[in-house]
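Engineer: Pasting a structure below so you can have a look.
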């Protein structure tokens, strides 16, 4: 990869965006940024708290500002986005115009397995989280596909294997 372009990871919660993103950034000697972590840092509060106080709409406004800022003002970063970031047309436009978008795909079964004990997932704090995951997938998967330059299935693969595959596929894009 001669020129360092921005790499944006999109996909559902539990797809491995943060874990794979860190691995990928390390392998490419690039900076890794997690948009959810930046939102929490700037707000001085957890995403759970933001959802409780401002609702999902308030959180999405914060997310839109942060994604615009991070994608506009940086070059050569690996950015892990929140699972719902693609709900915003502005975010989809910014991501697809300012870097290579990698859709990390995973099954609802694998998502459920990876997220069932995680209490920091406000959308899953419900009686039937699997049903919520299925509804979210139905709504969001077409949006991930719409902006993806590359789609990779992450079930049953280590972060290192997926990151290596991403590097190979990006090299083939250029």
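Cβ coordinates are placed from backbone N, Cα and C, and glycine is handled just like the others.
The ATP binding site annotation in Swiss-Prot covers 14, 15, 16, 17, 18, 19, 121, 157 and rests on sequence analysis. Annotation source Swiss-Prot lists Mg(2+) binding site at 18. Residues annotated as substrate binding site in Swiss-Prot: 36, 60, 83, 140.
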Engineer: Among the binding-site residues listed here, 17, 140, which has the most company in the form of other Cβ atoms within 10 Å of its Cβ?
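Structural biologist: By the 10 Å Cβ neighbour count, 17 comes out on top.
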Engineer: Around the substrate site formed by 36, 60, 83, 140, list the extra residues of the same chain whose Cβ is within 8 Å of the site's Cβ centroid.
Structural biologist: 13, 63, 81, 82, 84, 85, 86, 87
Engineer: Just to be sure I understand the packing, how many Cβ atoms besides its own are within 10 Å of the Cβ of residue 19 (ATP binding site)?
Structural biologist: 18
Engineer: In the three-state scheme derived from DSSP, which category covers residue 83 (substrate binding site)?
Structural biologist: coil
Engineer: For residue 15 (ATP binding site), which DSSP three-state class applies?
Structural biologist: coil
Engineer: Taking only the Cα atoms, work out how far residue 83 (substrate binding site) lies from residue 14 (ATP binding site), in Å, as a whole number.
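Structural biologist: Distance between the two Cα atoms comes out at 9 Å.
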Engineer: Expressed to the nearest Å, what is the distance separating residue 18 (ATP binding site) and residue 60 (substrate binding site) at their Cα atoms?
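Structural biologist: Their Cα atoms are separated by 19 Å.
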Engineer: In whole Å, how far does the CA atom of residue 157 (ATP binding site) lie from that of residue 140 (substrate binding site)?
Structural biologist: 22
